[in-house]
Every structure is written in structure tokens, then in C-alpha cells.
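Notes follow the structure.
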Amino acid sequence: MSYEKELTAAKKAVSLAAHLSQGVQKTLLQSEVWTKSNKTPVTAADYGSQAVVSIVLQRELKPVTLSLVAEEDTEDLRKKGSEVFLEDITKLVRDTLASDESYADSPITTQDVLNAIDCGNSQGGSSGCHWVLDPIDGTRGFVRGEQYAVGLALLVEGKVVLGVMACPNLPLSSEVVERDDKSCQDNVGCLFYATTGSGAYVQPLNGNSPPQEVKVSSNENLEEAKFLESYHMPIPLHSSIAKKLGITALPIRIDSQAKYAAVSRGDAEMYLRFTLVGYREWIWDHAAGSIITTEAGGVVCDSEGAPLDFSKGKRLDHKRGIIVTTKKLKPLILKAVRESMEEENLHV
């Protein structure tokens, strides 16, 4: 199955959501960053992006029922005192959709926005078709004016078959930009996409040039390898793994699934994500990125080398750790991971 219709709809939905997010990021004030009930940050772009993707998928695909597994819900938006914030989100969604000719005459109410966001309350699972969305992946990076992504994937019978990801601040040239490097800001904005068995591609987010196929790095010299990790406090296990591999460069820290995009086009050879023991990742943080990377010739696995399992609901079913790399480097990295984890256990 080619999934052409689904891919076209997904690219349109993600592109419009990215357009909305770019406008918000340019003018975002710290006072406009809300804190959700779970103590994580959220902005109008998170909610607006989810609403836009939900509305576009429903209108383009006209499913009997749209099953969408997404990060946001309307619990906080329905609370007293959120009325102005909700109106602002509704205007963002209305203006974003109006920028597309096919939606120019579509009236959007606050209730439409609430309904669209709540459409993302599916639980996913191993049967049927489910869209998986992170409307703003890397909200902290987004708030800082740095890297973030809009990631959308399609899950069919528990397998990711399609992924589209916008990285509005990622340079078009194939290079990793450090978080404090402002030199390439005028030539940024990438749209990555992949469908199962068809390869992975990137094109400018503005659509001004045709797509180009991307491939992971062919570099096998670990001394020259670059590795990525999330923007957070340093993780000793990552440093231990890199040392065992002979990687001399410091990790490049960027937010969001933009790290998957960077590996998919050969900007880096490895992305490591080792969190607290027992923590299970949300599927929307990895679904789009994983298929883009694997279709570019890479591998995405847990610390035991098993592929990620997206079929068990909103959380991944995997052993500790996520490794994103090339096929040639996978055995070496798994060996270093195993040895580093054994040493870590000795010191607990």
C-alpha cells in the first residue's frame, strides 16, 4: 500500500501547523507560556498545532472516525480563567487555515477548536489505524527560540507506516547547528517525510524546491563521529558510551525529534536517549522520527537492540534506552551500551 493520499494530507496538516508555530515563536513572551496540570510548559502553538492537524486530517481524509493519539487535551483550556487564551488559540487556528485557499471560507469557533484538540484522545493500540501526533515536540526549545518539531505518524496494525516531520529551525544545509549558533537562521525550515518501503525525503518547509532523498551517514570512523542527545543536564551513561566508542567530540544537544532528522540525513552518526530506569516513553515523541530514520537506512532500537514497539498504547514498550544510528555502527554501539550499563549497575 502506497499511502499517497494519507501522505499528502499529513504533509499539508504538518506544514500548516508549522506555519502557525513559526508565527507564535517569533512573538512569544515568557508570560504567554502556561504550565499544565502535569507541571510541563505549554503554549498557544501546542494547542493550535494539534487543532490544525486534527481539522486538516478530518477534512482531507474524511474518515468515519479519526483516531488520533496526541499529546494535548482541553482540561486546562476548559477551566475558568482560560477564556482569553482559548480565544487567542482559536484566532491562530482560524488565520492559519484561512492562509490555505481550500479552507479560506471555513468558519472556526472556540468549540470547533476544543473538539479538534480532544479528537486526540485515542489510546492507539495494535489493531486498526491511528494517527500519532506531537503538535510541538520540544516545547522548551520552542520557548527558547531554538529547535522543535511538529511530528505526525500513521500507525497501522501497531506498525508505523508513515511519518511527516517539520523542523522549522533546522538548517536546509546538511549540518548540525549547535543551540547557540545563530549564523544560519535565514536559511532554515525543513519538512521530512517517509512511507514504509519508499525511502525518506526532505524538502524546504516553504516548498520552494523539490524533495531530495536523505540517507544516513556512511562514516565508520568513530573518532570522527558526532552524537546527539537532548538538551538537558549531562547524562553520565552517554559519556561512558561515547568514551568506549572512542568518540572524541562533545555531544551536540538539541531539543525534539529534530535529532532523528539530523541522523537521517547524515549530520550525525548517533542519537542516544537514556532516561530514568523504568520510564516509558510516549509514542508521539518517536513515531515520526523513527520511520524517517529507518527509511533513510538507519536503525532505531532499545538497549538490547530490539526495534521500538508502538503497539501497546500511548507508551512505548521497550527496554531502557533508545539508540538511533547506522546499521554498520549498531553492533559496536550496543556493545558499548551493554558494558556501560553493567558498570553503572555496579555503582548503584
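For all residues, glycine too, the Cβ spot is worked out from N, Cα and C.
Automatic, uncurated: that is what TrEMBL annotation is.
Taken straight from TrEMBL:
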- Glu71, Asp134, Ile136, Asp137, Asp285: Mg(2+) binding site (BINDING)
Beyond the site residues Glu71, Asp134, Ile136, Asp137, Asp285: chain residues whose C-beta lies within 8 Å of the centroid, for Mg(2+)
Leu133, Pro135, Gly138, Thr139, Ala149, Val150, Gly151, Ser256, Gln257, Trp282, Trp284
Asp134 (Mg(2+) binding site): tally of other CB atoms within 10 A of its CB:
32
List nothing but the one residue from Glu71, Asp137 whose Cβ has the fewest other Cβ atoms within 10 Å; the candidates are the binding-site residues.
Glu71
Enumerate same-chain residues with a sequence separation of six or more from Asp285 (Mg(2+) binding site) and a Cβ-Cβ distance below 8 A; give 'none' if the list is empty.
Asp134, Asp137, Gly151, Gln257
